[in-house]
Amino acid sequence: MENISNTRKVVIHALLIIGSIVMVGPFLWMVLTSLKTVGEAAQIPPKIFPEVFQWSNYKEVFSSFPFAEFYWNTFFTTVIKTIGQLFLCSLAAYAFARIKFPGRNFFFILYLSVLMIPPQAFLIPQYQIIANLELLNTLTALILPGLFSAFGTFLLRQFFMTMPDELEEAAKIDGCNHFQIYWRIMLPLAKPGLIALAIFTIIWSWNDFLWPLIVNSSPDKMPLSAGLASLQGQYSTNYPVLMAGTFLASWPLIIIFMFFQKAFVEGIALSGRKG
Amino acid sequence: MDIKKQKSTLRKNDMYWGYLFIAPTLLGLLIFYIFPVFQTFFYSFNDWGDFGSYSWSGLENYEEMFANPEIWDSFRNTLIYAFVMVPISIAISIIVAVLLNQKIKGLTFYRTLFFLPVVTMPAAIGMIWKWLYNADYGIINHILGWFSIPGPDWLTDPNWVLISIIIVGTWGAIGTNMVILLSGLQGIPKSLYEAASLDGAGPTYSFFKITLPLLSPTIFFVAVISFISAFQVFDFIFMMVSPTNPAIDSAQSVIYLFYHYAFVIGEKGIAAAIAFVLFLVILVLTILQFRLQKRWVHYE
């Protein structure tokens, strides 16, 4: 596609700009609404900009809900789940890709079958396990099942599979055991895969909704997603406050994405190629 | 023989390392995923009483489930949602990916904007769209008003609510699909297009004769994962449509109802039966897709 004519360029830009407005418009409207008074938000015809920026909507969100705790709960569980998955999945992935042991294929198929199971098929017993361990309304409840991922193991295995045998042979001759090969040689080489998995885990953990809704009903142990649901319960029609809360819940991941967007996009694209 | 002995201890050694490495995930998956699936299956044949007690009831839950119009509705809603949302979102994503695969300025900028909904939590997306859809003060009906189109009650009119949900689902799905399709497009050799244009082929011809066939394995992958996630739609519907909404029967998805039965009213047996039937539906459709792929997916 070397030379695109100017008219074609104009058409392409026009289409992309219309598309972009549809994609970004809702976010802009959220931010603008979050700074209005209830009266302004309900005005007909709608006013685009508020007369005075109503920062008090944000104050209201923080004063009526433990939003600082929501942040901490979301942040902490996301970090632990991500580190945990990277370590545990890569260990298993290394074994499936590089170590020969009896039953390897059987276990691998077992992992793959977990990939096919939709979440609702294990949510009830998962809830019971957490309840029986008396872990309801704790951060551990949010973290525990999410530490283990068949998807992550599968994704990283595809990476370890493509690595040359020579590296491993050389390390074995030098007397390295499998853990040393895994830790010193294979992990650094699997960096693109690890980044992709980290991004998936971060997005999924930050945005996870149904599981926290089920296990953590006490506000100080909720993540942002479930917190939004309770905010809606209290301010059912006060849209400026609701939009302030929505903005507060979604900006951190959006900012992280803006900074690391190349890694995000490549990570998602990679899963498509490896999958 | 010495070498043989050495080899067998090495192999034994390998075995220990292998089991050691998979042990943590294997245990976690067994406890939290694999065993619970069998348990859910078992629960679907039990009647749940108060305080978590249950007793064998045979096929009663399934009978009750199939006699319940609410549950039929939820399956119908979810099927319509998936079969309308997935093709539309893939079609739009292909168009966007093809547009972004040109030599023009601002590519990264556009790509970033289209990707935004992917990193936004579905609960937040539901909240934002609920406000946009608001029948009295919502911006969508206001914009329709400029063209003298009377806007519907998007979320409370039973004839419209599913359409509203499909629009939000499509809007949120474009980013992921587009990125995967774009990477598929970049794998198509440029020389093919050059050869075609030397032969006098226009862009439309190239799109249907080169782009679509060579992109079909990627489209297939996107279709499979989109269908699976469409069948599990829950988060943003939960935020947009409350249980007291007059249009709830035309809006609730299977998972919405599953959540209601399992964790709101404590009918875990029926919820387990719902979960299992949905599992079967997803499984059959995925197998069907793999069967049908020979008809339209071109592998080199």
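Quick reminder: no glycine exception, Cβ is built from N, Cα and C everywhere.
Please treat TrEMBL annotations as automatic predictions, because they have not gone through curation.
What TrEMBL annotates here:
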DOMAIN    B:75-289  domain 'ABC transmembrane type-1'
TRANSMEM  B:16-35  transmembrane segment
TRANSMEM  B:79-100  transmembrane segment
TRANSMEM  B:112-132  transmembrane segment
TRANSMEM  B:160-182  transmembrane segment
TRANSMEM  B:219-241  transmembrane segment
TRANSMEM  B:261-288  transmembrane segment
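Beyond its flanks by at least six residues, the transmembrane segment (B:219-241) meets 78, 81-82, 85-86, 89-90, 93-94, 121-123, 125-127, 129-130, 133, 155, 161, 164-165, 168-169, 172-173, 177, 180-181, 184, 212, 247-248, 251-256, 259, 278, 281-282, 285-286, 289-290, 293, 296-297 of its own chain at Cβ-Cβ distances under 8 Å.
Counting Cβ pairs closer than 8 Å to the transmembrane segment (B:79-100), the top stretch among B:112-132, B:160-182, B:261-288 is B:160-182. Away from its own ends, the transmembrane segment (B:160-182) comes close to residues 77, 80-81, 84-85, 88-90, 92-94, 96-97, 100-101, 111, 114-118, 120, 122, 125-126, 129, 133, 152-154, 215, 218-219, 221-222, 226, 230, 233, 236-237, 240-241, 245, 247, 250-251 of its chain (Cβ-Cβ under 8 Å, at least six residues beyond either end).
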